[in-house]
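What Swiss-Prot says about this protein:
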BINDING   Asp95, Gly206, Thr214, Glu216  Ca(2+) 1 binding site
BINDING   Gln177, Asp228, Val229, Asp231, Asp301  Ca(2+) 2 binding site
DISULFID  Cys82-Cys135  disulfide bond
DISULFID  Cys165-Cys249  disulfide bond
DISULFID  Cys191-Cys244  disulfide bond
DISULFID  Cys196-Cys207  disulfide bond
CARBOHYD  Asn69  N-linked glycosylation site
SIGNAL    1-50  signal peptide
Amino acid sequence: MYGIEYTTILTXLISLIFITYILKSITRTMDFIIYRFLFVIVVLAPFVKTQNYGINLPITGSMDTPYMNSTMSETFLTSTLCLYYPHEAATQIADDKWKDTLSQLFLTKGWSTGSVYFKEYTDIASFSVDPQLYCDYNIVLMKYDGNSQLDMSELADLILNEWLCNPMDITLYYYQQTDEANKWISMGNSCTIKVCPLNTQTLGIGCLTTDPTTFEEVASAEKLVITDVVDGVNHKLDVTTATCTIRNCKKLGPRENVAVIQVGGSNILDITADPTTAPQTERMMRINWKKWWQVFYTIVDYVNQIVQVMSKRSRSLNSAAFYYRI
């Protein structure tokens with residue numbers, strides 16, 4: 001009986017020693033592989049140029065989408081520039097090769113061929129409905145029109161700032177603006193906005209909540225409306241939802257990779273005169289109106305000075321990411 005017990009103990013000890021030896025062998029083998037792999041990486045690293053391709057993750061609910069796709073810092077050699085211009089510019093120039101000509105001229109200022117993109121829009125109103133600013137630097141040309149000053153100033157406020165927005169269900173809820181940065185932004189083919197301020201008993205102040213015809217009209221048949229009401233007061237809203245979408249937005253701060261250039265007009269539209277807008281006149285500029293060729297020549301000549309007052313950002317404006325927030 002004792003012999004059997006001794007044999008069992010001896011077998012267990014031998015098994016334990018054997019397992020320990022195997023584990024040590026595996027450990028030595030893994031160490032050899034890991035160290036050899038790290039050695040190869042260290043040797044090859046100086047000869048390999050890598051680039052970080054970030055994942056395109058839209059911030060749904062914000063009009064801003066992150067784009068990170070650069071490990072270089074040279075401003076012009078690796079940056080993209082978008083130039084937005086009205087349709088009338090191409091019509092007046094009437095030259096199929098005019099973009100190629102400008103690309104060659106931008107090359108003399110350090111902007112490589114293929115880094116400058118020309119984006120055409122029909123008019124200020126249509127551009128307001130779906131502005132998309134994708135480049136590292138974005139310059140928007142707006143031809144001055146005395147009848148469109150409000151549209152121009154609201155568009156400038158929209159694209160020169162970053163906004164975080166949520167959808168609004170005006171059929172079920174009342175809404176209030178909490179502070180100066182809180183605005184309601186409406187976009188669509190035709191936006192008519194009416195509001196009815198409410199007292200603490202949710203009764204209309206100067207209006208009937210059940211009768212939209214008694215509401216106060218703050219915008220009529222516009223494509224872009226930035227509505228500002230009295231902070232801290234609930235409001236019942238009436239909006240032409242069939243042709244317009246309204247959102248509750250918070251101004252996050254300046255969008256520093258965008259500049260607006262007013263073409264013509266006796267004075268520049270100063271959106272900083274609006275008490276809801278922080279001073280940012282450096283990125284709101286004006287050039288004299290002559291002919292569109294002259295306008296573009298001026299832009300090319302001063303493009304680097306214009307870019308100097310901007311900041312390259314990793315955010316682009318896309319109204320498609322503007323609708324919902326997770």
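For all residues, glycine too, the Cβ spot is worked out from N, Cα and C.
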| said: For a quick check of understanding: among the binding-site residues Gln177, Thr214, which residue's Cβ has the most other Cβ atoms within 10 Å? | reply: Gln177
| query | Among the binding-site residues listed here, Asp95, Asp228, which has the most company in the form of other Cβ atoms within 10 Å of its Cβ? | reply | Asp228
| Cβ-Cβ distance under 8 Å to Asp231 (Ca(2+) 2 binding site), same chain, at least six residues away | Gln176, Gln177, Thr178, Asp179, Glu180, Asn182
| task | Provide the number of Cβ atoms within 10 Å of the Cβ of Cys191 (disulfide bond), excluding the reference atom itself. | result | 24
| Glu216 (Ca(2+) 1 binding site) and Val229 (Ca(2+) 2 binding site), distance between Cα atoms, whole Å | 11
| request: Select the closest residue to Asp301 (Ca(2+) 2 binding site) from the following recorded positions, measuring between CA atoms: Cys165, Gly206, Glu216, Cys244. | output: Cys165
| Cys82 (disulfide bond) versus binding-site residues Asp95, Gly206, Thr214, Glu216, Asp228 - nearest by Cα | Asp95
| request: Please report how many Å separate the Cα atom of Thr214 (Ca(2+) 1 binding site) from that of Cys191 (disulfide bond), as a whole number. | output: 18
| query | Looking at the binding-site residues Asp95, Gly206, Glu216, Asp228, whose Cα is closest in space to that of Cys249 (disulfide bond)? | reply | Asp228
| query | Looking at Cβ-Cβ distances, which residues of the chain lie under 8 angstroms from Cys196 (disulfide bond) while being 6 or more apart from it? | reply | Gly204, Ile205, Cys207, Leu208, Thr209, Pro212, Thr214, Phe215, Glu216, His235, Lys236, Leu237, Asp238
| Coarse DSSP state, helix versus strand versus coil, of Asp301 (Ca(2+) 2 binding site) | helix
